Amino acid sequence: MLNGVIFCRHGETESNLGGWLAGSRDVSLTGRGRAQARDAAAALLAEGRSVPVVYSSPQRRALETAAILADALKAPVLPVAGLEERRWGDLEGGAIPADLLREEVPNGESLTGFRARVTAALDGLPVPADGRPPLIVAHAGTWPVLCRWMGLQSDMLWPPNASPVFLKRQTGMARMDVPGERGSARSMV
């Protein structure tokens, strides 16, 4: 099991700009989204962070973000089935609902099924031999599942686009650090 990871949500997309739910739709980054990914890489490099591998959702927006980060960090990108965003069925393409944590959605993936899929993907990630934490590039919906998997309860619904967050398991707690925001690290039991 991984003791630490760096999580980065994909960069901005047209769906983020328009406030609509992309879900399983394969949307690309905007120009701003690509710039956000470059800025995220610069923030990680400025803090001296290096990664042995970038695990990415196979969806285009995540892979584009991962490629930019991996190029700057000199690490390979490995797409990981199971890290895709929740399949929202009939809600995709529409406004983001207020009740994002509802269990069932019409013709979509249940919340329980989504969490189980992402957890299985995380459980299957190889632990890098050199002990450095990998970078995981995925989606807003992946964030709370990852936090739970790391033993962390986050008050952050999801990180902003292309904002790397370092999560580390420690004895009895998990630690979350946001690069470039010294003093804002939070520790949760």
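Heads up, the Cβ atoms here are built off N, Cα and C, so glycines get one too.
Keep in mind that TrEMBL annotations are predicted by a computer and have not been checked by a curator.
Annotated features, as they stand in TrEMBL:
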ACT_SITE  His10  active site, tele-phosphohistidine intermediate
ACT_SITE  Glu85  active site, proton donor/acceptor
BINDING   Arg9, His10, Gly11, Glu12, Thr13, Glu14, Ser15, Asn16, Arg61  substrate binding site
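Sequence-distant contacts of Arg61 (substrate binding site), defined as residues of its own chain at least six apart whose C-beta falls under 8 angstroms from its C-beta, comprise His10, Gly11, Thr13, Ala22, Asp26, Val27, Ser28, Leu29, Gly33, His139. Long-range neighbours of Ser15 (substrate binding site) (same chain, six or more residues apart, CB within less than 8 Å of its CB): Leu21, Ala22, Arg25, Val27. For Thr13 (substrate binding site), the Cβ neighbour count at a 10 Å cut-off comes to 22, with all displayed protein chains included. Taking Cβ-Cβ distances under 8 Å and a sequence gap of 6 or more within the same chain, the neighbours of Arg9 (substrate binding site) are Val137, Ala138, His139, Ala140, Thr142, Trp143, Trp158, Pro159, Pro160, Asn161, Ala162, Ser163. Taking the centroid of the Cβ atoms of Arg9, His10, Gly11, Glu12, Thr13, Glu14, Ser15, Asn16, Arg61 as the substrate site, the other same-chain residues with Cβ within 8 Å of it are Ala22, Val27, Leu29, Thr30, Gly33, Asn161. DSSP gives Ser15 (substrate binding site) a helix state. According to DSSP, Arg9 (substrate binding site) is assigned to a strand segment.
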